[in-house]
């Protein structure tokens, strides 16, 4: 009897119609049975947001390479939760998110809807990976990533991941990555964050923009460094943000209360 | 010459009109100059979401106890970023978020807009605290928290916090906390996550609900345990989610790529 193929759930934050999720789906169908449940609209910057006060609907789309394609009017995390609750008839062996159009390296992890979905998968105890390409343009070329994504995904399908972590995988743009580095997120911050405007009636308004300032551009332990050297990067991410190493120190601060 | 009073920025995720933020503002004005920049509507479950594709407006409201009160049509993180960029004329000494109407203990930290704002402050290098009360009801009684919030806030104003962390502070409901415990987030997960409905035309839809399942109800190192014993809890939170302790192990997994 033929063994059951692994089940792979795919989502993203750019929406069901994006080229990145189609590319990822085409790779994933070579490794298992694939179901896609993705937002029906762009959800960039949604982090781990959940829809508390709105009803959620699921719509079925035309299959892609035999993968079921569904959308929901929610965030990336909503899509993972809905897939688990209302769509899948068995527990997925793997959750993939992406391929994001744009970087999720460094501090971007915390704002990323792509990584929100991957972290949700991790919280459910399912091996999960977020994939991103450092190129926002509609004409972004995902082809050079294919062998890397296939190999990373196959490895995680075969071996799983250590408990409590998922992977944030970023790829450089323009040409084939020179290789893969497992590193930590670079420390840095966004600066010059808003473009300012005025309405025709003189009311000011603001639009998020910003430049990323890397605090440690020469540090070989960081994702930003290796992405600049044309390497793909893997950062292990732990959704539980408790700073366990700081508990004793913080107890000291509040010892009198 | 009189020394400048410390500047405290306050935000939340329940919106500028909530009772929790008014209570926190009344406490904070006894410790420093206060500016409030909070969402103009409820933003529960917004995590670290940012508004990428919409213009943001700021509105001035009537002051509360001499604190400037402003709202913006964005998320809690948007409010922190906007305050820093467009409202404050000096860098705040402290950022407070809350008091949230409802728990942000355990895994809730990752979905919490209250904690999204506190983490944003931390990423900016400013000591930041999120306060929450385990009571969603409109009639929630914030009075028993006052001395605890005042003492914790004053301590952080005086001593700061270790670099790279902020605080997730939760309080039990009903009566005065027996004390404060510095602990880690309990491990657990949400289950039975959706209520299901059908429209009058037969289309199914879903509404987020769920029950929190605590994986370690008897563990004295966790926030959930002590909240049940009627203690307030402080969890040190590190926004940078890199699992640095896992880098070597993950390198082994991908050593052949």
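Start at 1 and count along the chain as shown; that gives each residue its number.
Glycine is no exception: its Cβ is also placed from the backbone N, Cα and C atoms.
Model, not experiment: these values are computed from the prediction.
Annotation source TrEMBL lists divalent metal cation binding site at A:13, A:14, A:44, A:100. Under 8 Å, Cβ to Cβ, and six or more positions away along its own chain, residue A:100 (divalent metal cation binding site) finds A:12, A:13, A:14, A:20, A:112, A:114, A:130, A:131, A:132, A:133. Under DSSP, residue A:100 (divalent metal cation binding site) is assigned to a strand (E or B) in the three-state scheme.
Per TrEMBL, domain 'Survival protein SurE-like phosphatase/nucleotidase' is recorded for A:8-191.
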Site of maximum Cβ density within 10 Å, from binding-site residues A:13, A:14: A:13
Beyond the site residues A:13, A:14, A:44, A:100: chain residues whose C-beta lies within 8 Å of the centroid, for divalent metal cation: A:12, A:15, A:18, A:20, A:42, A:43, A:76, A:98, A:101, A:102, A:112, A:113, A:114
Interface-proximal binding-site residues, chain B, C-beta separation under 8 A, candidates A:13, A:14, A:100: none
Local backbone state of residue A:44 (divalent metal cation binding site), from DSSP in three classes: coil
